[in-house]
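Noted in TrEMBL for the protein shown:
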- G105, V106, T107, G108, S109, G110, K111, T112: ATP binding site (BINDING)
- 510-643: coiled coil (COILED)
- 18-422: domain 'Kinesin motor' (DOMAIN)
- 167-189: region 'Disordered' (REGION)
- 800-822: region 'Disordered' (REGION)
Amino acid sequence: MQPKVVRNFSNSSADRTPVQVFCRVRPMQSEKDLTCIEIKSSTTVAFKPPPMSVGYRLNVNKETHYVFKHVFPGNSTQREVFTTVAEPLVEDLIRGKDGLLFTYGVTGSGKTFTMTGNTKDRGIMPRCLDALFKTISGYQSKKFVFKPDRLNGFEVQSEADAMLERQHEMNSRFTKPRRQDSDPEIASQASNNTKILDGVDEDNMYAVFITYIEIYNNSVYDLLEEGSIQRTLQSKIIREDSVRNMYVHGVTEIEVKSFEEAIEVFQTGQKRKRMGHTILNAESSRSHSVFTIRLVQAPTDMNGENVLQGRNMINVSQLSLVDLAGSERTNRTKNSGQRLREAGNINNSLMTLRSCLEYLRENQLTGVKRKVPYRDSKITHLFKKYFEGEGQVNMIVCVNPRAEDCDETVCVLKFAEMSQEVQTTKSTPAKFDSGLTPGRRKANKIFKVIENDLDTPRIRKIDLNLNSGLIYSLGSKFPEYSLNIQDGENLFLELMQHLRQRIDKRAVLVKDFNARCEDFRNRLLHVEKENISLKTELSSSNAMLNQERGQLNAIKSKAIVYENSLDELNRKMHEREELIKSLQKQLNQKQCLLNQKEIERERQKKKYTTKIAMETDKMHRKLESKLREQENKQLEAMRMKDEKLRLVSNILNADNLDGLPQIGRSASFENLTTPKTATAVESTNQVLYTPRVHRGVPVANARHRRSRSAGDKWLEHRAKNPVPLDTILQPYLKNRKSVTKLTDVKDVANQKTSKYCLISQEADTDGELETKLYKGNVIPTCGGGAQVIFNDVECLKQVSPNTSPNRKRPSATIAPSDVPMQDVASKCTVSIEGHSSKRPKV
Ligand SMILES: Nc1ncnc2c1ncn2[C@@H]1O[C@H](COP(=O)(O)OP(=O)(O)OP(=O)(O)O)[C@@H](O)[C@H]1O
């Protein structure tokens, strides 16, 4: 059941009130400092961008005026600020209305100073508590009469239960060591000049409850939670109660009975806050602090002594005092890492606050119902009801006039001015219809005082009781008679008559009395019957009520579970949305990069296409010129060949060639005409050339090979440092001469040398050593030289046993066609001056 007295939510403009924004300009730290703020009147400040500001750089250096409900200059006192801004909110609180006051501004602009104050100068919060306790003193209920139900409501405890709890608290106070520390930030001495405020209902009982939370990095921490500090560091969730008020679920609410007690509780919270910050490595200016005073009131009974039992008679009003985090921008503070994340969260929550107010203003101006993003941050989610439901919202914009802060200050001023256009619904004061006489408490007090003042209270009381009973009269008084002897008989007769009349009257009265008794008995019986039937009805109603209560509790616990899961889902949704946003951002960045690359690629393609075209053109021209050159060379060579041919044919025609073997002739001819297809290659080694006489063409014949009667003499031609073979089978040449270089003509042209062997060693494609022996016959040429006709190749190859079997097996002897003739020719630097007409076997 909702403890709050239900109010009518009205939306007519008369019931709406704007957000009241006050501006407090803090004094300059130094006379020499440049200022960007000038106070024009009690409601107007002028902002003039100094030379270092962005506005100045953008040439927007004209003076701008901002109008607020009231502007407090640097020399204004804390008391003035409290009286103007917060006193009406405390009066509203006492009248049962809700209020929200927050301080907003750049770091160091005086938000905490304004809200909390220091040892010398108490801020708004302690002054509010002081004024409240002064006003309700004498009307406070006993402790634990009102008890929080953990669902943002309160219930009334019986006097016995409350007394038990008081006893319990007293015992624990004796056992616990009393706190000796005190927070220097607060001047805890009550000031004498705090005035008593209006709005107290003298027939009500009041109780004050305090909660103190901190919102840091968008997590809610309870600063009054008992137990280890780690418990305090567990984030709380925000919930909606049955009448759509937002509250921190499971937050610690402490009942305080005096200003001193309240300050002590606040100090405990401050201490926990500092400990938490040390653990979290946080800064106090980077968190939002919310100090909430909840005032519970309920009417007293007919004697004005005890609170009326029944939850529906309770009214709860609250005043939230919020010290927001500094609104500086991340780039100016050069934050990184955790500080950047904090700054991001602060900016997010302040941005959300701004967005919510902007949306609200727009909705109110245009009549459109755009969804206000309260849930985007914890601070706006918590105070949703002030903007959607009822309650006065006041804001103090704290401004540091120094020029360094001007860029942030102008943002703050703009936002604050805009906020004034937002309207909230006025709270209606709580009304209690207890059906009891107003002023009963006072009357009862007076009555008691008078009662105590009486000298003999007991006797008087009895008298009063007797006088207040029903007085029966038996008719007229006895007539007065004087006893006279002469007239004695008449006197007796008169007396007898009078007595008879009295007896008759008495009988009538007795009869009437009996009749009345009967009537009363009947009525009593009737009432009794009615009472019994009502009792039966009541008990059945009670049973039904209990059943419904049980159902309600079940529904409530289900609702809690659903709310939890809803919160969880919301949180997850929020996370996912953030993720989607960041992914979208990444995607956009990648898309941008891709587009840039595509453009770059296109540019490169164009560039290279042009380059290729140019290069192709150039190549074409080059090739064409080379081709022409080649053609010219070819033509020249052809011409030379023709010339040679002509010379040869002249020689052939001129000389008598009958003695020459035909084969030699044809070979020479062939050699001259097709030098490239010859097996033996003409060497450049002039030493081995047969000196050309007038003919210049060497002639040789295989039949002219040297005699072998004395056995073949080998000319072994090998490398200077051959690789040792270490093989069992070694190439063996019986009668040989080894040379490493064919430098002397006699080595070949020697009459005895009939065989030539070139030994070459090289690695095959698998990296194995391959030894090849190119063998040939040495044939003397007609010019006195010699030529070698290769007719055999021996190949010796060593293979590793690990070599893959798939690899081609080496053969001891390879086919002559496999021999790279160019290679052989280059190795055998021997001059060939003709060759056999038949294809050599090499
Ligand atoms: N109106 C003022 N008169 C005198 N001193 C002031 C005033 N406003 C601020 N100060 C001083 O300026 C300093 C910074 O103020 P304060 O801590 O309140 O700033 P803040 O806006 O709360 O900063 P943060 O965002 O870091 O919490 C304090 O030493 C405070 O005493």
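Each Cβ is built from the backbone N, Cα and C atoms, and glycine gets one as well.
TrEMBL annotations: computationally assigned, not manually curated.
Here K111 (ATP binding site) comes close to T103, Y104, G105, D323, L324, G326, I396, C398: these same-chain residues lie at least six apart in sequence, with C-beta atoms under 8 angstroms from its C-beta. Only T107, G110, of the binding-site residues V106, T107, G110, place a Cβ under 6 Å from an atom of ligand 1. Residue with the densest Cβ environment among the binding-site residues G105, G108, G110: G105, by other Cβ atoms within 10 Å. Taking the binding-site residues T107, S109, T112 in turn and counting surrounding C-beta atoms within 10 angstroms, the largest count is reached at S109. Annotation note: V106 (ATP binding site) sits in a coil segment as assigned by DSSP. Confidence in the domain 'Kinesin motor' (18-422), given as mean pLDDT, stands at 83.
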